[in-house]
Amino acid sequence: MGRYRILVATGASLFAGSHNRVQLWLVGARGETELELQLRPARGQKEEFEHEVPEDLGPLQFVKLRKHHSLVEDAWFCDRITVRGPGACEEAAFPCYRWVQGDGVLCLPEATARLAGNNALDVFQRHREKELKERHKIYRWATWKEGLPLTIAAGSEDDLPANMRFHEEKRLDFEWTLKAGALEMVLKRVYTLLSSWTSLEDFDLIFWGQKSPLAEKVHQCWRDDELFGYQFLNGANPMLLRRCTSLPSRLVLPSGMEELRAQLERELQNGSLFEADFILLDGIPANVIRGEKQYLAAPLVMLKMDPSGKLLPMVIQIQPPSPISPTPPLFLPSDPPLAWLLAKTWVRNSDFQLHQLQYHLLNTHLLAEVIAVATMRCLPGLHPVFKLLMPHIRYTMEINTRARTQLISDGGIFDKAVSTGGGGHVHLLRRALAQLTYRSLCPLDDLADRRLLGTPGALYACDALRLWEITARYVEGIVHLFYHGDDVVKGDPELQAWCREITEVGLRQAQERGFPVSFQSQNQLCHFLTMCVFTCTAQHGAINQGQLDWYAWVPNAPCTMRMPPPTTKEDVTMATVMGSLPDVRQACLQMAITWHLGRRQPDMIMLGIFFNVHSAVLIEDVPFTEKDFENGPQNIYNLYEQVSYNCFIAASLYLLLGGFSFCQVRLNKRKEYMVR
């Protein structure tokens, strides 16, 4: 005989409550009892009950619940249920954080994270096996395009499991901003109907509406060589630049350029010569938009770092050597201003393509989706790694599904406005996947391979290393609480299955590119988990959130080019430049989509801040006994805060089209051009 106090918490999102009646059972080690409650959960409310139980249930193991409906199905989003039994000092937590639909019985286990056991009679072991069996039916792999990572099997967002969908507020915000962007685009088109489109100043006619202070500064300074070079270190795409150890073989210097060769050799010897090579774009078929052929290039840029730390371009080769053009023209800062400006614009267009497809879509979005699907298929809710990762994959599947149906689909945004659209983007993604190595996703390895460690002014590099370090400390604290030795790691069948699912299935035999197929030690597991969290948080934020800043002024990063690259310098006129840049329609579409992608998310949560609904109860239910975790998650948040104190790029913790994520962290890619 004893009195139990039960607290039922309903989510705060729109339509989280339900008019349907909910039935509850308590299940303990020594018995089970039905609670005679008349529960009709209300949005954002916590309802507390007390109930007399005639027998001692023992330690509570599960809460079972069932939602009844008579005429209308009214889904309920249950946050969690907590129970305090007779004489208990602490509440037992039963997290849910999911939609309760239909009239089946849902079984919620007590929240304490635990690894799989070998005892087939263990009630928790049977529960996790049943859970994974059900998840395998719900979360299925699919092939979007051959030769690319696998995706969730969903033709549209409506096909996704309910618990992977946007909450109603996020859905409304996402769809409203699409409509707002479309309306602004129409207004700009109307505004320019009677205006000329013959000079760069004409882009001012559409440079209004949604933009940032940094975008204003880019508008003012985009022609400067200093800003051009700065973007390779700290712009929207800081992932391509590398320090030279030799002159690139594709850089053919014709006779008469001995002085340039001497300058390049001098910078090379000083360790101050850098390159950005877009050879991945060579041979990619260009789009055809409304019957007009678009154009792509595969430029090479050689840059030097001067004593003051400024990264400045020295020479641009727009196309690599070919049988038709064995000595392609080289463009120099001393060339006629419009010729040099057009050469830089070709580079910025190429950077737009690689940034959006290779470093944004593939290396963050599609990789995160593989992690998300594998997690749902291989790790039960009680697994500590599941609890660790859940905050960072919450919206991944829907945002990626929307991307495949709206952005990179047939007739989508890429087909309408981007030079790699019309199928070229798929070819480019396949090439990029072949270059996606495990090392390239880990900042210390990647920056070392690109020889950028210690580079002055490399703010992305500095913060990436610091954020990786902080994330690693957090991950290590969790891992060491549950895996007390390498043998425990090797002996976890669920964890090993998860690793294989990511590498061999989702990433299509990525062990050839350095991804592990098993975990043999605590250190190896910590490194991989840090990569997962970092990719889905800080890295995505660094790659995604700068779009509004750097792409809103279209000439700085044109989405397409409408004329072939120049082969001579003297013939470049303003008509050539304007004929190459996007037209009004394409430019308006670029501005609208970069605002939609790059804006700050209204429901974002700073990385290191854990609310119950997002933390999947890892923070609530893990005893933080390690030194780094004496103050719980607040200690982690404080460490993140120390990274940035100037201006910031918000680093969202999840995915594409500006929606990937819940959580955000300040990233100190300092916006120097705002404060001059």
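Even glycines carry a Cβ here, placed using N, Cα and C.
Taken from TrEMBL as is:
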- 2-114: domain 'PLAT' (DOMAIN)
- Gly17, Asp74, Ala75: Ca(2+) binding site (BINDING)
- Trp99: site 'Essential for stabilizing binding to COTL1' (SITE)
- 114-608: domain 'Lipoxygenase' (DOMAIN)
- His360, His365, His540: Fe cation binding site (BINDING)
- 643-667: transmembrane segment (TRANSMEM)
Rounded Cα separation (Å) that holds between Trp99 (site 'Essential for stabilizing binding to COTL1') and Ala75 (Ca(2+) binding site): 6
Chain-internal residues near Ala75 (Ca(2+) binding site), provided their CB is under 8 angstroms and they sit 6+ positions away: Phe15, Ser18, Trp99, Val100, Gln101, Ala162
Cβ neighbour count within 10 Å of His360 (Fe cation binding site): 24
Mean per-residue pLDDT computed across the domain 'Lipoxygenase' (114-608): 93
Helix, strand and coil residues within the domain 'PLAT' (2-114) as assigned by DSSP: 0 helix, 66 strand, 47 coil
Rounded Cα separation (Å) that holds between His365 (Fe cation binding site) and Gly17 (Ca(2+) binding site): 32
Rounded to the nearest Å - Cα separation of His540 (Fe cation binding site) and Gly17 (Ca(2+) binding site): 33
Same-chain residues at least 6 apart in sequence whose Cβ lies under 8 Å from Gly17 (Ca(2+) binding site): Thr10, Pro41, Ala42, Arg43, Gly44, Gln45, Trp76
Cβ within 8 Å of the mean position of the Cβ atoms of Gly17, Asp74, Ala75: remaining residues of the chain near Ca(2+): Phe15, Ala16, Ser18, His19, Asn20, Pro41, Trp76, Phe77
Cβ-Cβ neighbours of Asp74 (Ca(2+) binding site) (radius 10 Å): 15
Inter-residue Cα distance where the pair is Asp74 (Ca(2+) binding site) and His360 (Fe cation binding site), in Å: 38
Secondary structure at His360 (Fe cation binding site), reduced by DSSP to three states: helix
His365 (Fe cation binding site) CB neighbourhood, other CB atoms within 10 A: 26
